[in-house]
Amino acid sequence: MSYQPQTEAATSRFLNVEEAGKTLRIHFNDCGQGDETVVLLHGSGPGATGWANFSRNIDPLVEAGYRVILLDCPGWGKSDSIVNSGSRSDLNARILKSVVDQLDIAKIHLLGNSMGGHSSVAFTLNWPERVGKLVLMGGGTGGMSLFTPMPTEGIKRLNQLYRQPTIENLKLMMDIFVFDTSDLTDALFEARLNNMLSRRDHLENFVKSLEANPKQFPDFGPRLAEIKAQTLIVWGRNDRFVPMDAGLRLLSGIAGSELHIFRDCGHWAQWEHADAFNQLVLNFLARA
């Protein structure tokens, strides 16, 4: 029987999660039926969703025999919106913990991009016994860069897009989001803009969250040595959102970790170099 590609609509699910005395309706996609589960956590860009972030990576993981969970973090996608005054990554980690508890999944492999990487570190620090392997892409530490003025050019454009969600600002951000912009089609821009504008509450609440606490992503650097999970770090050589030395900091802080740097690659390695990225991750997950 030939493999049937996963679709967003067929795998769409919702669960209610309690957070700070409130009930949040959280959206996720549940793909495949493997014995091992890989959770994919998206970044913080306006209009981001689990599915949009990892659309080029889902089928290879499912075909390899993994169950794949794609979470829409609160404030993104079809999940409820929220104003967050604490650590955004710890919030995402708590939400994920509740979701996998309700799904009765004892242990997960975590694969996170940007904010998703930082949230994966938060989850691992809080519940290390629940984590199999860890893949961190373009995020995970927080803190300052040794070589790049902060906030970076990319983060400045991202914040501008949140405050003024126009097609012009979206193109300005995406122009430095990836290394090769030839794949940035009008259809992609239109889909991303529609995602953003369909949930203006997400955009407004992200800005309110930054105003309540500008440091939504705290520095986990001093605690990286606590991580014992096998860890693969992936970075784009030309990342203009999170500097490459953040990846070196992860490599130095997490014992036994390894770092793969893609050349001609921006902040979206899993999309820009999808085939090579997928093989890299599958080899890592299959390794004893």
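Using the three backbone atoms N, Cα and C, a Cβ is placed for every residue, glycine included.
The structure displayed is predicted, hence computed values, not measured ones.
Taken from Swiss-Prot, the feature active site, proton acceptor covers H267. Per Swiss-Prot, the feature domain 'AB hydrolase-1' maps to 38-273; the stated evidence is sequence analysis. The site 'Transition state stabilizer' annotation in Swiss-Prot covers S114 and rests on sequence analysis.
In this structure, the CA atom of H267 (active site, proton acceptor) is 8 Å away from the CA atom of S114 (site 'Transition state stabilizer').
Counting only residues at least six positions away in the same chain, the Cβ atoms of H42, G43, S44, G45, M137, G138, G139, F241, V242, H267 sit under 8 Å from the Cβ of S114 (site 'Transition state stabilizer'). DSSP classifies H267 (active site, proton acceptor) as coil under the three-state reduction. The Cβ neighbour count for the residue listed as 'active site, proton acceptor', using a 10 Å radius and every protein chain shown, is 27.
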